[in-house]
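Features reported for this protein in TrEMBL:
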- 1-296: domain 'Major facilitator superfamily (MFS) profile' (DOMAIN)
- 12-33: transmembrane segment (TRANSMEM)
- 40-61: transmembrane segment (TRANSMEM)
- 73-97: transmembrane segment (TRANSMEM)
- 104-123: transmembrane segment (TRANSMEM)
- 151-174: transmembrane segment (TRANSMEM)
- 186-209: transmembrane segment (TRANSMEM)
- 215-235: transmembrane segment (TRANSMEM)
- 242-261: transmembrane segment (TRANSMEM)
Amino acid sequence: GPLGSALSTRFGARPVAMIGGFLSGLGLLLGAFATHMTHLYLSVGLLAGLGWALVFTPSLGTVGGYFPTRRSLATGLVVSGASVSGLALGPLVPLLLDTYGWRGALLLLAAITFNLVAAGALLRPLPIPNESPGPPQDQPGLVRLLRHGPFLRYALAFVLVDAGYYVPFVHGAARAHEVGCDERRAGLVMAAMAAVDGGGRLAAGWLAARPAAPLLRHLFTWAALTGLTLFLLPLGTTFGGLLTLALVYGFCAGALVPLQFAGVAEVVGTGRLIHAIGLMQMFESFGSLLGAPFAG
């Protein structure tokens, strides 16, 4: 994350996102020829993961800078794409595995991922408000953020949020089996949660664009609702109860995503948005990596 933000500040978002798209596709492509688990760690894990970070951080930061007055809505539209692709790949990947095997599936996913190069080319280098001209100062910008108290508190809050955020998505199917659901019903619970996740992202972005309340107050409300629903999820001991709670959780959790990144600009300002998003990704990864194993 910080590497992507520093490079995009130095060279622009477009070339960094295009290189990231190429690396992510290359990682999946090389993974198809793996003969040892170490090869998969290096290709799909390291190379593709690096590529995705180089795409995500510059893209989100750039879009946030394009629409300073409607940032939450623009971010909501952008991140809703992840829900659409998740719904599409859910049934597609098992089909590819059954038809072409895991090597063939990785080759086809690599072909899809290489389209990120074309997507990155669409990031026009428009002038961003509140950014002073002249050569960027990458390292000092990152260092200043590490001494920025409000940003550090904001990032720590989302480390804690992410510790719980992914638990239902990782363990949801196993929980559905525990309460007596068959494979079809367990899949329905997960698909429904993913579908309303995208709706929550759009709805939260649209609501936050209304001038009724400050964006950070919207964010606080959705975070509280997400935590409350997560707290109640164990009460879903039947298929209907679990499905209802999963729908509510998916919507509230999805609503957090666009407001989280739009809120960064409220805390640090537009001029340091890309740097801040990169650091946020790095901090949050600790919560997301540890939460699901501890829950298991």
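Any Cβ shown, glycine's included, is placed from N, Cα and C.
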Relative to the transmembrane segment (104-123), which of 73-97, 151-174, 186-209, 215-235, 242-261 accounts for the most Cβ pairs at distances under 8 Å?
73-97
The transmembrane segment (12-33) touching the transmembrane segment (242-261) per 3+ Cβ pairs under 8 Å rule:
no
